[in-house]
Amino acid sequence: MSEAAQFTPKSRVLATIALALGTFMQVLDTTIANVALPSIAGNLGASSEQGTWVITSFAVANAIALPITGWMARRIGEVRLYMLAVVLFMASSLLCGIASSMPELVAFRALQGFVAGPLYPITQTLLIAIYPPARRGMALALLAMVAVVAPITGPIAGGWLTDNFSWPWIFFINLPIGAFAAAVVWNQMKDRPEQTVRQPIDYVGLGLLVLGVGTLQVVLDKGNDLDWFESSFILYGAAIAVVSLIALVIWELTEEHPVINLRLFRYRNFTFGTLALVLAFAAFFSINLLLPVWLQTRLDYTPIWAGLAAAPIGLIPLFLSPIVGRFGHHVDMRMLATIAFMTMGATCFLRAGFNIFVDFEHVALVQLAMGLGVALFFMPATTILLSSLAPNEIADGSGLATFLRVLGGSFASSLTTWWWHREASVQHALLTEHVTAYSQQTREYLNLLGGDSVQNYARINEVITSQAFMISFTEIMTLLGWIFLALITVIWITKPPFFGRKAEAKA
């Protein structure tokens with residue numbers, strides 16, 4: 001047994017709390033900005049579409065950092081990497097809070113996302129290291145609960161801070177949390193012996209990854225503003241993204257130390273488990289992004305009330321996730337995932353029935369119901385995709401699946417926002433065709449309003465705009481519902497058993 005494996009911190013409880021706070025801080029920042037987007041965009045003189053860059057820049061940079069986390073840990077050690085990530089996360093949070101323009105904020109959020117990348121996998125690694133095998137399940141269950149609580153806390157904390165102070169405080173809140181986590185972890189674990197290795201890094205693969213993923217994200221975010229392929233900027237950007245990503249695949253399949261191990265897709269369970277994880281998370285992420293923005297911009301919710309309406313999605317996972325983790329191995333993982341997809345699909349169809357008069361309780365109850373699907377999804381999907389991997393492949397498989405999951409959420413946020421606004425414009429034009437001076441219904445409505453006709457037409461236009469965004473919202477929810485149901489087929493392509501490599505041998 002290595003010296004690092006034998007190391008025990010002065011207080012496991014304190015070390016566990018401090019390590020978990022690092023993950024809490026990182027996961028919190030994936031959702032805390034969602035409800036503040038309208039305030040941020042308005043304060044910095046940007047559109048709501050431009051405001052989504054605050055979310056997507058963090059997610060893309062976070063995804064890019066994930067594949068090189070293992071290399072960084074081997075290069076400088078797990079404890080030092082954790083400390084470096086927390087300190088840089090605090091510094092980037094401060095920069096986000098003092099940003100004076102949208103380009104500045106997007107750049108600082110990208111930095112924040114990149115330095116946050118190692119926090120979850122390194123926290124998981126250190127927790128496994130400081131607990132004996134018999135107690136590791138409890139430690140990882142705590143980490144899982146933290147990962148569930150943080151998304152619940154994010155919208156509520158973001159709404160409360162935005163309403164009572166100002167949006168920069170959603171970033172400043174990280175400073176005391178990070179300071180406590182860094183101080184305690186260093187005090188508890190600075191003496192942990194760690195061996196470092198000067199392992200080569202795949203610079204070509206990393207460069208192609210950054211260029212391909214980054215360019216594709218820019219194309220998705222700017223495409224609507226620049227009229228897509230009518231713009232030479234979008235054409236060149238799309239060409240660069242496609243060529244870079246094709247070159248990345250070819251290079252990584254032949255590189256001795258690839259930055260992402262694409263050879264893992266030779267396993268059936270990994271391929272289809274990852275596909276289900278990525279698509280389901282992308283749909284889940286789209287809902288979490290779109291719902292608070294729609295509530296604020298179209299239904300006049302304050303940030304905190306939008307956060308409270310969205311937050312119940314995390315309540316059931318808070319209590320059910322540990323139970324699923326403890327007893328789930330007695331049930332076919334595909335059956336749990338099927339129940340999850342059916343539940344999440346059904347809640348999407350319920351949202352598709354919303355109208356502009358929907359009340360708070362209805363929105364919150366649908367979110368609460370979707371929490372059942374969330375609780376039954378992540379553990380089975382992760383178990384399935386890792387089930388066919390050898391022990392020395394699990395770290396690469398987990399990192400690759402996490403990378404694709406985060407990337408899928410980032411791309412989904414851009415596509416969802418674009419489609420929401422595009423379809424709203426189409427619906428607005430269709431609805432406006434029926435509002436003319438020659439329409440009997442229009443004249444009757446104007447007479448009913450009374451007063452100035454110009455103001456009345458402005459009121460009618462606002463009603464049409466709200467209805468157009470409402471129709472667009474319901475169409476997106478309907479599509480997401482069908483995606484969840486289609487994933488039931490995907491998950492049943494995998495083959496049991498899901499707790500070893502026997503399935504792949506049979507496949």
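The chain as shown is numbered from 1 upward.
Just so you know, glycine gets a Cβ as well, placed from its N, Cα and C.
Lifted from TrEMBL, the feature list:
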{"type": "DOMAIN", "residues": "15-499", "note": "domain 'Major facilitator superfamily (MFS) profile'"}
{"type": "TRANSMEM", "residues": "53-74", "note": "transmembrane segment"}
{"type": "TRANSMEM", "residues": "81-100", "note": "transmembrane segment"}
{"type": "TRANSMEM", "residues": "106-131", "note": "transmembrane segment"}
{"type": "TRANSMEM", "residues": "167-189", "note": "transmembrane segment"}
{"type": "TRANSMEM", "residues": "201-220", "note": "transmembrane segment"}
{"type": "TRANSMEM", "residues": "232-251", "note": "transmembrane segment"}
{"type": "TRANSMEM", "residues": "272-291", "note": "transmembrane segment"}
{"type": "TRANSMEM", "residues": "303-324", "note": "transmembrane segment"}
{"type": "TRANSMEM", "residues": "336-358", "note": "transmembrane segment"}
{"type": "TRANSMEM", "residues": "364-390", "note": "transmembrane segment"}
{"type": "TRANSMEM", "residues": "402-421", "note": "transmembrane segment"}
{"type": "TRANSMEM", "residues": "469-493", "note": "transmembrane segment"}
Contact call for the transmembrane segment (106-131) and the transmembrane segment (272-291): at least 3 Cβ pairs under 8 Å, seq gap 6+: no
For the transmembrane segment (469-493): best-contacting stretch of 81-100, 167-189, 272-291, 336-358, 364-390, by Cβ pairs under 8 Å: 336-358
Contact ranking winner - 53-74, 167-189, 336-358 against the transmembrane segment (81-100), Cβ under 8 Å: 167-189
CB contact flag for the transmembrane segment (272-291) and the transmembrane segment (167-189), at least three pairs under 8 A: no
Surrounding residues of the transmembrane segment (53-74) on its own chain - C-beta under 8 Å, 6+ positions past either end: 29-30, 33-34, 37, 40, 81, 102, 105-107, 109-118, 121-122, 125, 196-197, 199, 201, 206, 209-210, 213-214, 217, 221, 259-260, 289, 395-396, 399-400, 402-404, 406-407, 409-410, 413-414
Positions whose Cβ lies under 8 angstroms from the transmembrane segment (303-324), at least six residues beyond its ends: 34-36, 38-39, 141, 144-145, 148-149, 151-152, 154-160, 162-163, 288, 291-292, 295-296, 336, 360, 363-365, 367-368, 370-372, 374-376, 378-380
For the transmembrane segment (167-189), sequence-distant contacts whose Cβ falls under 8 Å of one of its Cβ atoms, 6 or more beyond its ends: 7, 9-11, 14-15, 17-19, 21-22, 24-25, 28-29, 32-33, 36, 39-40, 43, 79, 82-83, 86-87, 89-90, 93-94, 96-98, 126, 130, 157-158, 161
Tertiary contacts of the transmembrane segment (402-421) (same chain, 6+ residues out, Cβ under 8 Å): 48-49, 52, 55-56, 59-60, 62-63, 66-67, 120-121, 213, 216-217, 220-221, 223-224, 260, 274, 277-279, 281-286, 289-290, 469, 472-473, 476
Overall pLDDT of the domain 'Major facilitator superfamily (MFS) profile' (15-499), taken as the mean: 85
